[in-house]
Amino acid sequence: MQNRLIAALTSRSGLGAMLLFAAAAVTFSEVSRLRLGTPASMGPGYFPALLGGLFVLFGVMLLAEGWRNPGQRVNFGRLRPVIYLLGAIILFGMLYPVLGGGIAIAVLVTVSAMAEPGRSWQEIALLVVTVIVMIWVIFVLALGLQLTMLPPWIRT
Amino acid sequence: MIDNLLLGFQVALSWDTLMFCFIGVSIGMFIGVLPGVGPLAAISLLLPLTYYIAATDALIMLAGIYYGAQYGGSVASILLRLPGTASSAVVCMDGYEMTKNGRAGAALFLSAVASFVGGSIGILLMAGFAPALAAFALRFGSQEYFLLMALGLIAASTLSEGSATRGLAMVVLGVLLGIVGLDTTSGTMRFVYGQFELMDGISLVASAMGLFGLSEILSNIGRSERTRPMHKVTLRSMIPTRTEMRDSWPAIWRGSAIGSFFGALPGTGSTIASFFSYATEKKVARNRARIGQGIVEGVAGPEAANNAAAQTAFIPTLTLGVPGDAVMALLLGAMIVHGVNPGPQMLTNTPEMFWGLVASFWLGNLILLVFNIPMIGLWVSMLRISYRLLYPAILVLVVIGTYSIRYSVFDIYQLLAFGFLGYILRLLDFPAAPLVLGLVLGPLMEENFRRSLMLSDGDFTTFLTRPISAVLFACIVLVLLAQVVAPLLRLWRGKTHDVRNDTHQ
C-alpha cells in the first residue's frame, strides 16, 4: 500500500500532478493578496482563483491516473544536450551586455555545438565564423537592428 | 465576392506583398523539407522579424510558412521515409514505397498537384464561408465569445493525441501565463513579482520559441546522423502515367473534402485530416488492395487533405478570432501585435487585409506548384544538410530573435525559462501546443468572462439562456462527455484487446 503510494506519486502522472499542485500553490498565494470581488464586479483575483481551482481538479485527476498506472516512470533521456543548450543561453545573457554580440555569439555557438560530442575544433571555428557573419548580415545589415557586435567599450 | 477577390488580388499582387509571399512559402517549403524543423518553430523564429513590416505582409509571410511547410513535408516522406512535418507522416507509407518502385518522381509530382488542388479548394471555401460566418458572428456578445474560446481550447486540447487531462491542464496553465502583468480593468499587477519587464505580460515570442524552438532542438540533437540514400529525381521521371493520373483524381477530391472539414474544426487540423484521408483511401481507393505497397491514392489523398486543412484552418481564426491550433494562435498573436483585432469586424473594417490574405494564399499555392517541380533537385540536395551543423545556427537565431523584439536581456531569460519548462513538460508527457493557445486567448477570455457577468449582474445562467450560447455550451458538454464516454466504451469493448496500449514510448 505504502509502496504503491510512493510509486504512484513518483510516476509520470504523479509528478505531473505535483507540477499542477505547485502551479495551484503559486496561483493561490498570489490571489491571496488580490481583491476577489463579486461575479458582477470581479476583482483582479477572481479569474485566477478559478484557474487555481482547475489546477487542483486536474492535479487530482492525474494523481488518480498515477494510482492506476504506477509503473509509468519518467524517462529523463539524455541530460547532456539540455545542460549544454540551456547553459549556452545563460552564458549569452550574461556575456552580451559586457562583451557585445560577437563574443557572446561565439560562446553560444561553441557551447551549444559541444552538446553533441565528437566535433573537431576546426568544425566549431567554421560554425562560429559562419553564424556571426550570418547574424550580422541578417540583423544588422538587412534589418538595421541595434545589435552591438563589438564589446561596448570599444568605440569605433 | 468578385469585387472582394479583385480587391484581394490588387493587394496581393503589389510588388512588396508578392515578395513577402514568395519569401514565406520558400521558407515554409525549406523547413517542411528538413526533418526536425517544424512550421511552429519556424513561425516563432520569424515572428520578431515581422514586427518591422506592414501587418498584411507579415501575416502573408507567416501564413506562407505554414502552408508552404505542408508542401515541403512530403518530400522527405517520399524520398527518405522521414516525415518533414507531422502532417505528412502518413505519406511515408505509400510515398516511400513508390520511391522503392522507382516512381519517386511521379510521387513528388502528384503530391504537388494534390497539394495545389487541396489548397485551392480550401481557399475557395474560405472565400465563400468566411463572410457568412463573420456576419453571423457579429451577433455574438461577450457570453458567446467566452464560450467559443472555451470550446476552441477544450476541443483543441482534448481531440488531439494524448491524455485529455494533460491537454486541459496545459490550457489552464497557458491562460494563467496569459494574464500575467498589468490587469487593465483594476490597474493591479498580477504575478509580476517586482519584475517590471513582466508588466505587459509574458512574451509570446519568447514562450513560443522556448517551448517549440528550443525543445525541438533538444529532442533532435544526436539523432541527426544517419545514412541517407539519395535517389536521383529527373524531370522526365516526374511525369505520371495515365493510370496514375486517373487513380489519383478521386483521391484528391476525397482528400480535399476531408481536409477542408477537419481544418475548419478547432483541434483537429492538418495532421488528423491526412490520417483520416489515408484511412478513407484504405477503404475506398481503386487500388485499396495494394495500399501500403506504393499506390498513388495513398500519396495524393493525404496530401490534398493536409493542404486543404491548412487553408480552412484560417476560417475560424480570421472570422471569429478563435484559433484552432498552436500555429493559428501564433498568427493570431502576430495580428494582435500589429494592432489588428481578429474577429468578425476584420472583414468589414479591413477588407483589404482579409481578401489580400485570401488572394495571396492562392498565389502562394501557385508559386509552390510552379517553382516546386523544377526545383525538386534543390530540395533533394537540401536534405543533405546535416542537423549537426544546422542547430547551433538555429539556436543563435532563436536567441537573437527574442532579444531583438525590445532589446531586452530579460526576454532571453524568459526564453530560457520556457525552454526549461518545455523540457519538463516533455518529461511529464504534457503537450505544449495547448499552452500557447491558452496564452494567446487568456486575456481575451478573462475580459469576456468579466464583461458577461457584469452585464448579467453576476448571474451565471447568462451562459445558458441566450440561444447561441446555449448551443455553444451544449457543444462543450458534448466534447467533454465524449472524453468520459470514449475510454469507457473502449474498456467495455476492449476486453479482448490490451487496453493499456496508451503507455507511451
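In case you wondered, yes, glycine gets a Cβ from its N, Cα and C as well.
Summarising the annotation, TrEMBL assigns domain 'DUF112' to B:18-437. In this model, the domain 'DUF112' (B:18-437) carries an average pLDDT of 86.
Beyond the ends of the transmembrane segment (B:12-37), by six or more residues, the same chain brings 46, 53-54, 56-58, 60-73, 75-76, 80, 82-85, 88, 216, 220, 224, 356, 359-360, 363-364, 367-368, 371-372, 379, 382-383, 385, 387, 390, 394 to within a C-beta distance below 8 angstroms of the stretch. Positions annotated as transmembrane segment by TrEMBL: B:12-37 (among others).
Taken from TrEMBL, the feature transmembrane segment applies to B:49-69 (among others).
Marked as transmembrane segment by TrEMBL: B:108-130 (among others). Distant neighbours of the transmembrane segment (B:108-130): 1, 4-5, 67, 70-71, 74-75, 78-79, 91, 95, 233, 238-240, 244-245, 248, 251-252, 255-257, 259-260, 263-264, 296, 299-301, 303-312, 314-315, 318-319, 347, 354-355, 358, 361-362, 365-366, 368-369, 372-373, 376; these residues of the same chain sit at least 6 beyond its ends, with a Cβ under 8 Å from one of its Cβ atoms.
TrEMBL lists B:136-156 (among others) with the feature transmembrane segment. Tertiary proximity for the transmembrane segment (B:136-156) is limited to same-chain residues at least six positions away from its ends with a CB under 8 Å from its CB atoms, namely 167-168, 171, 175, 265-267, 316, 319-325, 343-345, 433-434, 437-438, 441, 444-445, 447-449, 451-452, 455-456, 462-463, 466, 468-469, 472-473, 475-476, 479-480.
Look at TrEMBL and you will find B:163-182 (among others) tagged as transmembrane segment.
The transmembrane segment annotation in TrEMBL covers B:320-341 (among others). Tertiary neighbourhood of the transmembrane segment (B:320-341): same-chain residues 39-40, 43-44, 47, 50-51, 55, 58-59, 62-63, 66, 133-134, 137, 145, 148-149, 152, 155-156, 204, 208, 212, 263-269, 313-314, 350, 353, 432-434, 436-437, 439-441, 444, selected by CB-CB distance under 8 Å and a gap of 6+ residues from either end.
For B:353-377 (among others), the entry in TrEMBL reads transmembrane segment.
Feature annotation from TrEMBL assigns transmembrane segment to B:389-409 (among others).
TrEMBL lists B:415-442 (among others) with the feature transmembrane segment. Outside the transmembrane segment (B:415-442) by six or more residues, the chain places 40, 149, 152-153, 156-157, 160-163, 166-179, 202, 204, 206-212, 214-215, 218-219, 322-323, 325-326, 329-330, 332-333, 336, 398-399, 402, 504 with a CB less than 8 A from a CB of the stretch.
The transmembrane segment annotation in TrEMBL covers B:463-486 (among others).
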Determine which recorded stretch among B:163-182, B:353-377, B:389-409, B:463-486 has the most C-beta pairs below 8 angstroms with the transmembrane segment (B:49-69).
B:353-377
For the transmembrane segment (B:389-409), find every same-chain residue at least 6 residues outside the stretch whose CB is under 8 Å from a CB in it, and list them.
34, 37, 41, 45-49, 51, 197, 203, 205-206, 209, 213-214, 217, 220-221, 224, 415
